[in-house]
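Asks: Have a look at this one.
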Amino acid sequence: MDLLLILKAVIMGIVEGITEFLPISSTGYLILSADLMSFWTKEKADLFIVVIQLGAILAVIYEYWGRLWHALMGLITGKSEGPNALKNPRQLGLSLIVATIPVMLVGFTLADQIKEYLFNPYTVAIMLILGGLLIFYVERKQIPVIAEEAEDVSLKTALLIGLMQCLALIPGTSRSGSTIIGALWLGVSRKAAAEFSFFLGIPVIIGAGLLDLLKHKDVLSSGQDWLILGVGVLVSFVVGLLCIRWLVDWVSRRDFTIFAWLRIITGIIVLLVAWIFGYTIQG
């Protein structure tokens, strides 16, 4: 058993758990981490990067199970009763469905092309910088709040957030970043924007992870390969759960400017390294 490879999987799980819900691009940081550690072959690393996100999104389901159940029941029956009851459960359920449709269509059509041509440090660096500039722009605008809670998000706003999420298919953009910042831009409160982004990631990440695993499961040729993947998923679940709780508290007190600086600085460093040393994704 390769203990060093297991340690690298643990590190990748920590990176995923920390970055999945922050507006800094978990996929981008996973690609860079895999390159820096020479983690697995390119085919196995690419599969790992997509599937490991299942752990973090399972943390969302665990943390918000009560509200998600009420949203599902509200979508079916129109009612929400008991603990964690929502004032408008059907609206939340419909908004999440509407916001999910665009990225499902685009992702299903272009997933393989995106992985083949855009999973590299250059793309990550450029999108990190552009995303950081967008965060600066939105944070400096005085935008009136029109949706205090996640269930207040209208279908029109949900569709626009869903279109913003399509940008996150490009590594370095950040799914949480595009949806949270997009929601803030459209007048959703900070806490509601974060929670709507958490919920929106459930069908997208589960769908992408399971689809990629089914299509490329033959890449995992041994029991150890599956163990490595399982370790990464488990670690990302635990770390992701801690990060969710921290982020909800953070957004109620501060803005995302620090993450804009982090994105831009990281992007510039990666571009400089790529230019000076010819740094490219392993292949």
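Cβ coordinates are placed from backbone N, Cα and C, and glycine is handled just like the others.
According to Swiss-Prot:
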- 4-24: transmembrane segment (TRANSMEM)
- 45-65: transmembrane segment (TRANSMEM)
- 91-111: transmembrane segment (TRANSMEM)
- 118-138: transmembrane segment (TRANSMEM)
- 153-173: transmembrane segment (TRANSMEM)
- 194-214: transmembrane segment (TRANSMEM)
- 228-248: transmembrane segment (TRANSMEM)
- 258-278: transmembrane segment (TRANSMEM)
Asks: Is it true that the transmembrane segment (194-214) and the transmembrane segment (118-138) have 3 or more CB pairs under 8 Å, sequence gap of 6 or more?
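Replies: Contact between the transmembrane segment (118-138) and the transmembrane segment (194-214): absent, because fewer than 3 Cβ pairs are under 8 Å.
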Asks: Can you tell me which parts of the same chain pack against the transmembrane segment (118-138), counting only residues 6+ beyond its ends and a CB-CB cutoff under 8 A?
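Replies: Hits for the transmembrane segment (118-138): 23-25, 27-28, 31-32, 35, 46, 49, 170-174, 177-178, 181, 184-185, 256-257, 259-264, 266-268, 270-271, 273-274, 279-281.
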Asks: Applying the under-8 angstroms CB criterion, which one of 4-24, 45-65, 153-173, 228-248, 258-278 scores highest with the transmembrane segment (91-111)?
Replies: 153-173
Asks: For the transmembrane segment (258-278), which partner among 4-24, 45-65, 153-173, 228-248 gives the most CB pairs under 8 Å?
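Replies: Highest pair count goes to 4-24.
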Asks: Of the listed stretches 4-24, 45-65, 153-173, which one has the most C-beta pairs under 8 A with the transmembrane segment (228-248)?
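Replies: Stretch with maximum Cβ contacts: 4-24.
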